Amino acid sequence: MSPTIYTIILSSLATGTIVTMTSFHWLMAWIGLELNTLAIIPIISTLHHPRSTEAATKYFLTQAAASAMILFSSMINAWNTGTWDITQMSYAPSNILLSLALALKLGLAPAHFWLPEVLQGSTLLTALIITTWQKLAPMSLIFMTMNNLPSTILLMLGLTSSTIGGWSGLNQTQTRKIMAYSSIAHLGWMAMIASIMSNIMIMNLMVYLMMTTALFTSLICSKSKTIQDTATTWTTSPTLAIITMLLLLSLGGLPPLTGFLPKWLVLEELIMQNLIPMATAMAMSALLSLFFYLRLTYTTTLTLPPNTLQMKFKW
């Protein structure tokens, strides 16, 4: 792709997100989401490979469906309340429809099936954009409509996402699919806390964005597409291997590291709200995620020489 076209596409991507984040009218928010979707389609399909074409098609269909649902829910709301203001979503059926549409847009379980497939069909850099930048616009919509969204649905979405994100990631060997399930699990934590304390949700999002960006960058540097590839990261750079280990443990949410902070605050808040079974289930699902992060950590840094390597060398 020529630099000029790439620049135009990336600036459209940025514009789409900014339009959604700064709009008060539902139609403008929808336009921003559509811009976002249309800008990333050529980025996904740059490889000219049947897999990337399939990924682009899947992404387009799910995002278009979710955008249509968002427009439909806001239209029902406008029909009943007479306002197109994002913060005035007071009609219950349109709120339910909106939360389901946002779940599809973000890839929250049970509407998560497109995310691992799309990431697997795209390059590591594109996967990074989809798991970080593309989450900003829908999350800002959740933040703006927070007071009206049905909290029961959000709690259930959060719990299922966290559990499925942990469970499905266990038997994956592809790093992109692992990152996709990791993304689903983290978004589950955000959805869980959204209706209770939105500022913790924002902090959770920031921590997630930083850690995911850093981890994807290290995977891009070491060209690690499968778990097998991560075993030879140390040949590229031993320092990178150590940083990757810390990042993986942080994503898993181990105490001295940054990734533990959002999980701790979410659990504390859930207990404050007397949602103890919910908090227990979330803590258990975090253990599932931790398992596959630990497996990645093991192959990346704990198989260094003079230990016996279990993988073939890159060269």
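Positions of Cβ are set from backbone N, Cα and C atoms, glycine also.
Caution: TrEMBL annotation is automatic and unverified by curators.
Annotated features in TrEMBL:
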| type | residues | note |
| --- | --- | --- |
| DOMAIN | 25-288 | domain 'NADH:quinone oxidoreductase/Mrp antiporter transmembrane' |
| DOMAIN | 290-315 | domain 'NADH dehydrogenase subunit 2 C-terminal' |
| TRANSMEM | 59-76 | transmembrane segment |
| TRANSMEM | 96-115 | transmembrane segment |
| TRANSMEM | 152-171 | transmembrane segment |
| TRANSMEM | 178-196 | transmembrane segment |
| TRANSMEM | 202-221 | transmembrane segment |
| TRANSMEM | 233-255 | transmembrane segment |
| TRANSMEM | 275-294 | transmembrane segment |
## Note on the structure
Among 96-115, 152-171, 178-196, 233-255, the stretch with the most Cβ pairs under 8 Å to the transmembrane segment (275-294) is 152-171
### Task
Tally Cβ pairs under 8 Å between the transmembrane segment (152-171) and each listed stretch (178-196, 202-221, 233-255), then give the stretch with the top tally.
178-196
